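K.L.:
Structure provided below as structure tokens; questions to follow.
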Amino acid sequence: MLRTIYSTGCFAWIATTSAALPSPAAVVQEATGIPVLVVSGENNHDWRWTTPSLVQILEEADLFDVVVTYEPAKDLADADRLAGYAAVVLDYNGKRWGEAAETTFLDAVRHGLGVVVVHAADNHGPGWIEYEKLVGDLWREGTGHGRFHPFNIEMTDRDHPVTHSLPDIVMHPDELYHRLVNVHGVDRRVLATAMSDPDTGGTGSAEPMVLVKSYGDGRIFHTPLGHVWSNSAPQQASHRDTQFRGLLTRGTEWAATGTVRDVRTAPAPLTDAEKADGWISLMDRAAWRSFSGSATPAGWNFNGETIVREANAGDIVTNELFGDFELTFDWKTTVAGNSGLKYRIPAEAKQPIGIEFQLRDPADDEKKAEHRMGAIYDVVDAAEAPFTPWGEYRTARIVVRGPRIEHYLDGKLIAAADVTSEEWKAAVADSKFAKVEGFGQPAPGRLLLQDHGDEVWIRGMRVRRLDGDAVPVPASKNEDGESLLPAPGSLDGWTSHGDAIYAVEGDTLIGSAGPNRRQSFLMSNDSFGDFTLDVDLLMEQEGNSGIQFRSYVMEDGRVAGYQAEIDPSPRSWSAGIYYEGRRGWLDDLSDNEPAREAFDEAGWNHYTIVADGPHLRTWINGVPAADLLDAEDLTGQFGFQIHGGDDDIQMRWKNPRVIRSGQHEWTPIPTPSNETAAFDSSPAIRTSILGDNAEAVLHHEDGTQSPPFPLKSSKFWHAGGHNELTAIRNASRTVIQLNGSTILEESKIPTKSLQITSPSAPLETTRWERCQKTP
């Protein structure tokens, strides 16, 4: 998210780029987050420190674009400017703003502007009745606090987006306000409280720490937390606590949008298609039991949406055993919390010992990298995790195929190992598992959720087996489907293009060529739509090669289309997807080290290619390689390439087999109203645009939408002519392609529809089509 520091008058844009400073209009145009205004400039607290701190908290969440005003009396009087924000964060306790600013501010809130009230902002405005009604609970006569100290905060109401599945806050260092006064008796909702301990100067009562209410159509989030007195550096701990930072992030997002990222990105129930792919939900209590063999303890709460370790209950394990598998789930813990997901627990194990995906809050991360979140606990280091605000779910993914194990965190490969390697053996010998015979070796076992004494939340846990009939891809053997081998001798059903010689020996196709050769391809005469292809290949004499799919022969005899690369060069992009003849690399492996390391230059390699409509994926020796959304071609021919070059080359492709799975086709849809087309069950929609100015907007399932994307700003826009725009989605991301090139990608939020608008010039969409599956 672009963030800059730009100041004009009393406004400052806060961010982190060294580029030339843009105009204010440019900043608004480039902003991609929720627009938030922080109001500051006067306070009986250290506002010169707290305001930059609040900005930092909001910006690090990668949700907001933040502007600060230090002259609210002037700037809040500007109704047009105020209309550009979704929420206002009040870090202000000083002089009133004057009639113009106060009237404009209150009117904006009544019409939907969100408000976040932080700490002493509830001290502000004695006698300003409407402000007091807006805030609700205020510091007025009789209010006080004890000494600054750490205390616990209990989430007493989790039926609200801000506190939904939010762990209790533990030992937060702050000033605990007591006896806040609801001067006008307004309705408000208390979401969390803290016990005000008389030993620290408190009341002995539970005091509200998180409150929400409404003022007209505006949502109000209020927390009296966040105290920092002037010249009191130790009290800055209130802001540095990750729990406060996460709470403020959630409260601000809710005030601005009515929801929070955790709720928006909640995993949906398994679809029929996912079940057909072998996915099984593990969110039912019946799937688990106590490690000791008894029923699942009550201390593990299964409510249909989450699994929560609430009380001392002991470890739980799955009833079923899993060999090779893929497992994914969202998780969170209390601050400094510790838990783990273990696997390969032997069926008759006496001790809960197995490979562990470490579930650990960053505040509890040790210096030992093999104990960090996502690590293969005590054996393999974890890379640095992507930042996520406290209180938000992180997504874990574990992939186990034979000796290869991989741990992913929020989409990033964070730890991996081959349990048959010398490196693994040495790491185990240096770990607490040194005396465990055969630790981690490939064998079916149970999954285990660890009770480490801390609260842990799990949602969306699902698993699929990668070793058996339930696993569609990648296959370990080429036993199913129809053979792609040409007939020996005649090569019937195939056509050769170029200098290479192709021949069939037994179950293997051999392609060879001498030096100074041209590109060569053996192309199938048949075309294929959706499919799963498996083939083993061996490079007997080194040289670049590839497997063409959904390809075609052009009029000049050259071949164009998708290619799963065979690349023995140092970059090692084998199984990356290249578009031969026209577009070049579409999905290389520059950010996929496990796939780059999986290719064996000296031995046989197993390739799996899966094409399902516009979703194209490859595996190499069981390791996920390319994962591409692209709608250029939905059908085409297979081919085996011998690349041009100066040296001899020979390739072997053994037992290529394909399973056909129908086909996707483009079907016309009526021109929609307001130029908006819904995906429905389709993975892609496209339209042809005629005009000089157009913007694309993605509408999400949760009711939000992406900022309008100006298509003419792309280098792929054809000024004055027809432009083809395609939106492609799957469960995890959506891409927009303009004239065949990807210009925008979104992740996590499911997409519902595509809208084309024109801010100025006339616009015409001459065609709308939806990509549909046919048998």
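The backbone N, Cα and C atoms fix where each Cβ goes, glycine too.
So TrEMBL says this about it:
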{"type": "COMPBIAS", "residues": "766-775", "note": "compositional bias 'Basic and acidic residues'"}
{"type": "DOMAIN", "residues": "36-255", "note": "domain 'ThuA-like'"}
{"type": "DOMAIN", "residues": "278-464", "note": "domain '3-keto-alpha-glucoside-1,2-lyase/3-keto-2-hydroxy-glucal hydratase'"}
{"type": "DOMAIN", "residues": "490-658", "note": "domain '3-keto-alpha-glucoside-1,2-lyase/3-keto-2-hydroxy-glucal hydratase'"}
{"type": "REGION", "residues": "754-775", "note": "region 'Disordered'"}
{"type": "SIGNAL", "residues": "1-19", "note": "signal peptide"}
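I'd like to know what surrounds each of these features in this structure.
P.N.:
Within its own chain, the region 'Disordered' (754-775) has Cβ neighbours under 8 Å at 530, 613-614, 631, 634, 662-672, 674-677, 679-680, 682-699, 705, 708, 722, 725, 727, 736, counting only residues six or more beyond its boundaries.
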K.L.:
So what pLDDT does the domain 'ThuA-like' (36-255) average out to?
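P.N.:
Over the domain 'ThuA-like' (36-255), the predicted model scores a mean pLDDT of 97.
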K.L.:
Could you count the residues of the compositional bias 'Basic and acidic residues' (766-775) that DSSP puts in helix, in strand and in coil?
P.N.:
0 helix, 9 strand, 1 coil
